[in-house]
């Protein structure tokens, strides 16, 4: 993984331009502290800042084909690179890097090879034979990427806004699952799964198939030549990631190099719900557990740094990014270079508490589709940038292409939350790992209520942020909010405070347009707010805004949802089988 920057067709091949590209590339140095490189061909520049994880000794970039007519700068991990190498017997590879296959696949298949890649990636490929280039981003947008255009006719590509915002006339987020070709001068979608059309699937729920798909997604991500760990909040998603990793680590190449003891990491305020649950899970699955504490003041002190790094003014994302940013620094100080994390599950399975109010399976499924399509603007952005701020990579098995295919093909009737039948949020995922003979997790952890990360680190965290914003944003300032910020006008003092900081770092109109907006309750899309009339008066992204659902909801204490007891006999008979 690394930070990439490309300037293509700028009509300037001078030393001064090269110096400027190097200067901008250094703005991404936090993403890749291990090595930097710059390849120039005429008026095209490919720069990178490398975080060495696979083949750290020889995998420096840019990467080339045999005669160096094709150059690639890439931020990513290609999990199936060994199989792809076998499909290229007539090619000679210069390095052991997993990304080395990209230039050679392009030689064989032209621009139509991208769907062959199983992994996360953003890359720029320059073909000097005809001075053309292509740019592509992974299916969901796990890696961050932006594209910009200069007045001189140039095209700019950067892993982060700060690499191009000062030099482009217009820039925007590069759409996930898309390819940009200089020959066509337009985007085209290379990722075309059935769920993207939001058509309602009808496949029956197969718990073992779902379990196996997730286990494969985790195992393939254990590709490494450096130390790693797992983020463990004690919630369902991170606990499953940790449990599966711990169960299958032995026997992998990673274990041969770094041992079979998995290291887990958790962050929270003193007494936070996540800390207790994470420690219990760590003890249960046998990890070497590291618990980091921070105070509300620690978090407040980091706000400006976090907004600079994650490049958004979205309230939910900032709330959750701050503890992740603080934790990532601690993790990197221990010598760890990447972690496995649990992002994506809530979007796929309707895990956010507002899904309790979904009126039918059709709207439930369509909302999950909308949430997955928007992940690159929210949780993927947070997971990528708040970790890479310290040169730490996050891998997310729930967003594996094949796992998403399996999970999104399930008839959404099975995903619906039906408390009268004992089915809480993410029931299909919980049930898939409810193995009585070889349990993955303690039962009460497997059926723990959803906590959004910004809530789970401690309920006082969000309240502290709101109180801090209250001190810096006056009622008079809020009266003028629509005039000062006509696009995505902040409706709370907390949102106004973040917006002021963002605009100071990124004052361009293009920058503010990269951030999504609209009403939301408990992380819903604007469309889902319509599910409950009361929500329109309680628009807050915290899970506690799901009135009548969250056990610690704002102004409303309700009994927590109990784990389900009603399980079809066919499912019980299959789930006892050892894998």
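Any Cβ shown, glycine's included, is placed from N, Cα and C.
Some features that TrEMBL has for this protein:
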type: ACT_SITE; residues: 2; note: active site, for GATase activity
type: DOMAIN; residues: 2-185; note: domain 'Glutamine amidotransferase type-2'
type: BINDING; residues: 98; note: L-glutamine binding site
type: BINDING; residues: 231, 267, 341, 342; note: ATP binding site
type: SITE; residues: 343; note: site 'Important for beta-aspartyl-AMP intermediate formation'
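Everything TrEMBL records as a feature, shown here on the structure.
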residue: 2; record: active site, for GATase activity; Cβ neighbours (10 Å): 32
residue: 98; record: L-glutamine binding site; Cβ neighbours (10 Å): 25
residue: 231; record: ATP binding site; Cβ neighbours (10 Å): 26
residue: 267; record: ATP binding site; Cβ neighbours (10 Å): 28
residue: 341; record: ATP binding site; Cβ neighbours (10 Å): 25
residue: 342; record: ATP binding site; Cβ neighbours (10 Å): 25
residue: 343; record: site 'Important for beta-aspartyl-AMP intermediate formation'; Cβ neighbours (10 Å): 26
I'd like to confirm something. Which of the recorded positions, 2, 98, 231, 267, has a Cα closest to the Cα of residue 343 (site 'Important for beta-aspartyl-AMP intermediate formation')?
231
In whole Å, could you give the widest CA to CA gap in the ATP site formed by 231, 267, 341, 342?
15
For residue 2 (active site, for GATase activity), identify the closest of the binding-site residues 98, 231, 267, 341, 342, judging by Cα separation.
98
Distance from the residue listed as 'L-glutamine binding site' back to residue 342 (ATP binding site), taken between C-alpha atoms, in Å:
23
What does the structure give for the C-alpha distance between residue 341 (ATP binding site) and the residue listed as 'L-glutamine binding site'? Integer Å is fine.
21
